[in-house]
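Down below is the structure, laid out as structure tokens.
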Amino acid sequence: MIKLSHLSITARLTLYFSVTMAIVLYSVSGVLYSTMRQQLNHKDELELQSSIQFQQEIATAIGERQDNGEEWQTELLESVVRQERLSLRIFSPEGKVYAQSNNMVIPEQDFPLPTPSFSYREWHYRAGNIRQKYLITSTLFTLKNNQKWLVQAALNVSGNNEIINTYYKRMQIFAALAILLFAAFGWWLARRGLAPLRTITTEIEKIHANDLHTRILDQRWPPELHALAASFDRMMMRLEASFHQLNRFSSDIAHELRGPINNLISAASVIQTKDRSAEEYQETLAAIIEEGERLSRMISSMLFLARADNSREVLNEEWLSSAHEFEKLIGFYEILAEEKEITLESRGDVSFYADRQLIQRALSNLLSNALRHTPEKGHITLGAQIDDEQVLLSVSDDGEGVQPEHLPLIFDRFFRGGSRAKCHGKHRAWAGDCEDHRRTARRENQRGQRARARQYVYAVTPAAR
């Protein structure tokens, strides 16, 4: 059995439209059939009742003017003969059949007993292919001599019943044909109504890797598809930005790896040109090891970037102290800072819940970049504070700052916008840390003044441990 969810939207709309029209048509035809049947039955009932009343009036009138009170029966039957549908049977006061119509086919015992008020019942006659329906009733005629004559009357309503049955059959055929017609019309309407959806599908299928700049919101779409087109354009903008970033990353990583690899090849080639002394071999091997370590650090950084981009990476979160983490960083970079006579200091002691490795790597990237671009006898401050129910970690320096047009790009991998922005992906890794902690990163900067980088993590009270 085909499930409704497996059908196309056109098929579903056509099915809904057809079912709705079937319910409406059959409901209307049912009401019309029931109304027509009630009206015809009521008409037959009134005809039978009026016929009985009329015959009783004739019998009374004839009985009063004739000396022989039995002549009214003959005239009554003669008047009934002229009616095709009505048949009578007359019983004498002694209970014997005095006379009856030639078309009377109903046994006398099937008639109901006479009642003071008019009543009747249906009687069906079947003989081979013949099907007939009668309305039968019984009544007492009381003459002037107080004689009571029983009259049984039957009205043949087979014609009206046939009309009703014919109407019912034709109505069913008409309803079935109308449903088929409405189904075809509904399919056409559904196809026409969904034409914009096919158009938008065609436009989307035309988009390839070289067409990521394509936008479909510029076209006129129905209100129902406007939100879809807008969402698709926003997705294309994100894909285009990611694609360009990936292209830049591919070219930048090739550029970054080319230097160490060329150095390794050059060092090995120099050794092969002629015999060297042991010291020269050792120097060359040391240079190869140094370039290998540099290459290893670069690969390790790229792995870290990949981890930072993976939002499903499980975080090893724990309670950390900002003062303790700052102290370890300052101890690690203290020798490098002393060479440039740069002062390192930390401010604030705030506890927060985060991944130690990611926090250390992020702050280490920021601090190393600050040391690289802070002039001699400069000052670098690592700060921590509560900011709007969040913990704010910041690295401030006395460097030359970043050009305003480069600020939105400094967290991209391998972005190069001048000496101050050359961070080799470290700020991008730091932004990845912030994404892991479900917070944002931002850079504050003024040309020629202090530059500050901020990282937000979960906020707790400073005393919580």
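Using N, Cα and C of the backbone, Cβ positions are placed for all residues, glycine too.
Within the listed segments 75-102, 271-298, 355-382, TrEMBL records coiled coil for the stretch 271-298.
With a threshold of 8 Å between CB atoms, the same-chain residues lying at least 6 positions outside the transmembrane segment (13-33) that come near it are 4, 7, 164, 167-168, 171-172, 174-175, 178-179, 182-183, 186-187, 189-190, 193-194.
Counted with DSSP, the domain 'HAMP' (191-244) comes out as 39 helix, 0 strand, 15 coil.
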